[in-house]
Structure formats: C-alpha cells, structure tokens
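Asker: Sequence annotations record features per position, and here Swiss-Prot assigns Zn(2+) binding site to CYS143, CYS146, CYS156, CYS159. Taken from Swiss-Prot, the feature ATP binding site covers LYS336, and the record attributes it to sequence analysis. Among the features that Swiss-Prot reports, motif ''HIGH' region' is placed at 10-20. If you look up Swiss-Prot, you'll see 333-337 marked as motif ''KMSKS' region'.
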Amino acid sequence: MKVLVTSAWPYVNAVPHLGNLIGSILSADVFARYARLKYGKENVVFVSGSDEHGTPIEIEARKRNIEPKKLTDQAHAYDKKLFIDTWKISFDNYSRTESEVHKEFVRNFLVKLEKYIKVEEDEIPYCEKDKLFLPDRFIKGVCPYCGFEDARGDQCDNCGRLLTPRSLVNAKCALCGNPPVFKVTKHWFFDLSEFGDKIRDWISSSSTMPDNVKSVALSWVKEGLRPRSITRDNMWGIPAPFAGAENKTIYVWFEALLGYLSATVEYFKNLGKEEMWKEFWLYNDTKTYYFIGKDNIPFHAVILPAMLMASNEKYNLPSVIAATEYLLYEGQKFSKSRKIGVWIDEADKLMDVEYWRFILIRLRPEEKDTNFTWREALRIVNTELNDDIGNYANRVLSMVKRYYDGVVPSPKEAIFNDEDKNLITLIKESPKRMGELFELGKIKAGSEEILKLARSGNLYLNNRAPWSLVKTNKEEANNVLYISVNSLRTLAIMLYPIMPTYSSNLYQQLGLSNLESETWDSAGSLKIMPGHKIGEIRSLFKKIEMSPEELMKKLDEIRREVEKERPDLLR
C-alpha cells in the first residue's frame, strides 16, 4: 500500500493565517505522520509547494519595478522556513511552481489533453486605466445568484457558485474600481463538458469521499460543466505549449493542480529514483489524500479528476478530499487589511507551536464553520493538554517512581476486574478508531480518541486508587499501574502526529526511545513489560497563565515587530 498526501499550495502573496494552516498544510502533516506509522515511511509521500504565478505577483513586481521571481524567491523561502523549521511540517518535498520540473511537467501534460482542448475567441475584461487584462479574481461585483456584494469574477465566496466576469452585476476592476471594458482575445479551453458523466459516476460510487465534497461536485455536474479557459494574457506564468499561443500563459489554477504530480516527480528525481513516482500515481494499491479548504472543492473534485481522466495515463483519482469549512476568529473572517486573526509567523512567538498544533486540530472545522476564541484556546491548553493528558501521565509515572522505584510492576491477569479489562479494551480500540477516522479525513474527530483514553485513565485511577491498594492489596495495585503505564505508551503514539516533540517527551519518560520506530498497529498492545525501568519524570505541559486580553495585547506587540521582518511581498 502506497499513500500520497497532499495539501493545497499556498499562494505566496501573503503569509498564511491560522485558518489557512488548519485547512490544508497542518491537517495534511498530521495525517502524513499517522500514515508513516501505519504504512511505513517508505510507503508515504507528502508533497506541497508555493503557488507563485499570476497577475497579483505581476502587479506587485510592476509596482516595485523588479522581476516577479525576485519577489517570489523571497516569499517562497520565508514560507518554507516557517512551515518546516517553525511549524514542524514534515514535507517530503515542498516545491514551487517556478520549479523547472514543474514547468516541464505542466507543458508536457497539457499537450496530452489536445483532444479536449479547443480554441475560441473570448471577451476578456480589460482595465483601461491599469492597461491590464484582468484575471477573474481581479473583477469584483455583486453575485447574480445570492446578491453577495464582494463576489469575484470566477466564484462567489458566499454561495460557492461558479461565475464569469460577464455574469457579475456592477463589475469593477479590483485594483482601481473602474468598470472594465471587454476586449476580444483568443484563448485555449479545456472542455470539461466531456467529463460530466464520468465525474458523477466516480464521485457517486466513492465510499471514502466526504459528503460535503460529494455535494459540491454533484451540484456542479448537475448544473452542467462548461469549457474552462486554461490560458491567460498575463506574462508571469508558464508559457502555454500550444501552437499560436506564444503570448499566453497557463491559468494558475490549472498548473497549480498539476503541482501534486510534479512535486512527486521532483521528489523521486532528487532521490535518483526517477521512475518511482509512478508507484504513487499509476498503481492501483495507492491511496491519495488531498487536504484543502472548502472553496477549493470544485477544483479538486471536478477539474483535477477531469484533467487526470483526459490524459489517458490512468492516473489515480483522489481517494479522499478532506475539505474543511471556515475557521473564524472571534466570530469574524480573517482579514489581513483589518488585522483580524493570527498569522503563522506571529503565533509561534505567542506560545509553543505544538500547543498551537493541538489547538488548531481541536478546532478543525470539519462539519461546520468553527470559531477560534482566545478563551477556548486557553481551555484547550489548560484543561485538555494539562489536566486531561499531562496530569494523568504525571500521576501514573509518579506512583511508579514512588511505590516501585521506577520499575513497572508485574500484573496478575487472573485477578483483573471489569475496570481493568475495560481500560485494556480502550487501549486496544482507541488507536484503531482514531486511525479509521483519520483515513476518512476526520482529523478532529480522530483526536477525540486521545482525550477519551486520557480521561478514562484518570477516572480509572480515581476509582481504583492505587495509592491505597499498595497498602491493602499489592497485587491489584500492580495491575492498575501496569495497565496505566501501558496506556501512556498508547497515548504517546496517538499524540505523535499532532505533537511530535511532546509525545516523544512522554515516550522518553516511559523509558523508551525513538517513538518514530513504532507502528500504529502496535499502539494498542501492552508492550511495556514488567521489570521495565521508566525514565526521568517531569511535567509534560505548562498552563498558560495569561488572560485572553493579555494574549491579545501581547499579539499586537509581536505583530509590529514581525511585520518589519517579512519580505517585501508579504508586508
């Protein structure tokens, strides 16, 4: 079994905020770490990269009178360092759309779609003031379906409908606010209409695709798929490979979708195993996981599968598209201009990154929009991490140290009572249930299993009271602490995908080394044997002794300093 894990490619014109992070890259990382324990490191590849082409970058470069690549080089390096060094994202390859491997792959791939490519003249919005053909996203207006006043020329963020610049009411240039004119120009179109039935049959028959993804994809098909332009008139992008399209570039959405393939190709090319990428894209025993935000569902559930089908290469179609709803910030949408939210280069200076990783997974908006509040973030850290998990670990290890000189006692299975057996069953079943939920893209739901086990362990200690049993019934005390110590090993493995450093810390306190050598399937086993010596005990987590108001004030101070350090493009 091979597993390909992907996350939506962040566009380099802004530092990702917490909502961006949980919607794609962090969720993908947590799943990838789980998958490596489940299927073996050699069978899992996790790829993503920087999306850096298109008009927004071209415009910023024009303002600064420099080459676009100079801007994106800085932004790509900044984001990559943030993800890998700060947020501990375990990419196998974090690529970029300026990669030569990517550009070559895209051009070769699109040539293969020739049967489904047609050339048409189209009226494209043009801003006479800015002297620029305007991409769909640089046209703003009123959605004709729901009346949303800030709809874009390609899609309404409010109702999710696909739009065209012509369909917008009171369309305006997003740069200067002037109404655009429409100029006739020739463009190349991918004929999506050829794939409606195939997309419907594929998505309907999937037993692993989440309902929200199925709903959006089937709605698109029902409304009727139409040809989509795959070329643009801007200069900053991959030159179109079609005859007669010498002054055109490939629409960023089409080429960015192919980044999942090119990043895999590039990864194995760098390893000197140039053909191995095919095992992850062309072999039947591969599962492919895409972690995205809900606004990207149509591109991943309709356009990408259609492109893969059209290539006739028998590429694997997505197994699971895990699309989150929106994460709000104190009841509002994240907004860079209004400074509403927290950005990932600020968050790490406010509290430990792995605390943030846990907070965001616990708030992951899997079924509906979720509201981030400082009060809830504090509750998650101080109650769930410290009280439920950390306190349980400390209680167990301290008693082993105190009553058994740090040596795990020998159990007597013949006298296990129902409470003993119930916790053993939970130890065995919790990783299994967590894994099953993860495999469906339900990362937050899977994380619940960690807390269920920790809370059950705490309750078990309270009910069995080993501090009393050591005086009255040593054999039963032995059983309680033997089972409890083993539950901590299970907890450490389950916590690892979310908090790799803290879980390894707990693992080491158990007197074990190299958590990454464990397997997920063994997580539910009682593998810590009698006579095993535990390690040095220390508090696993610390409570945050600040109020929400104090945290927000500190964030403002941090923000002023961080903004000075960002590359030009990201300020």
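Heads up, residue numbers simply count up from 1 along the chain you see.
The backbone N, Cα and C atoms fix where each Cβ goes, and this holds for glycine too.
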Asker: Once CYS143, CYS146, CYS156, CYS159 are set aside, which residues in the chain still have Cβ within 8 Å of the Cβ centroid of the Zn(2+) site?
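Answerer: Here the non-site neighbours turn out to be PRO144, TYR145, GLY147, PHE148, ALA151, ASP157, ASN158, GLY160, ARG161, LEU163.
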Asker: Relative to the Cβ position of LYS336 (ATP binding site), how many further Cβ atoms are located within 10 Å?
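Answerer: 12, counting other Cβ atoms within 10 Å of LYS336 (ATP binding site).
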Asker: If one measures from the C-alpha of CYS159 (Zn(2+) binding site) to the C-alpha of the residue listed as 'ATP binding site', what distance in angstrom results, rounded to a whole number?
Answerer: 22
Asker: For each of the binding-site residues (CYS146, CYS156, CYS159), count the other CB atoms lying within 10 A of its CB, then report the residue with the highest count.
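Answerer: Of the binding-site residues CYS146, CYS156, CYS159, the highest Cβ count within 10 Å belongs to CYS156.
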Asker: To the nearest Å, how far is the Cα of CYS146 (Zn(2+) binding site) from the Cα of LYS336 (ATP binding site)?
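Answerer: For CYS146 (Zn(2+) binding site) versus LYS336 (ATP binding site), the Cα atoms are 25 Å apart.
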Asker: I need the CA-to-CA distance for LYS336 (ATP binding site) versus CYS156 (Zn(2+) binding site), whole Å please.
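Answerer: That comes out at 20 Å between the alpha carbons.
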Asker: Return the residues near CYS143 (Zn(2+) binding site) by Cβ distance under 8 Å, restricted to its own chain and a separation of at least 6 in sequence.
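Answerer: Within the chain, CYS143 (Zn(2+) binding site) has Cβ neighbours under 8 Å at GLU149, ALA151, CYS156, ASN158, CYS159, ARG161, LEU163, LEU168, VAL169.
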Asker: Sort CYS146 (Zn(2+) binding site) into helix, strand or coil using the DSSP assignment.
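Answerer: In the DSSP reduction, CYS146 (Zn(2+) binding site) maps to coil.
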Asker: Could you give the number of helix, strand and coil residues in the motif ''KMSKS' region' (333-337) as assigned by DSSP?
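Answerer: Helix, strand, coil within the motif ''KMSKS' region' (333-337): 0 helix, 1 strand, 4 coil.
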Asker: Kindly report the helix/strand/coil residue split of the motif ''HIGH' region' (10-20) according to DSSP, in that order.
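Answerer: Counting residues per DSSP class in the motif ''HIGH' region' (10-20), I get 3 helix, 2 strand, 6 coil.
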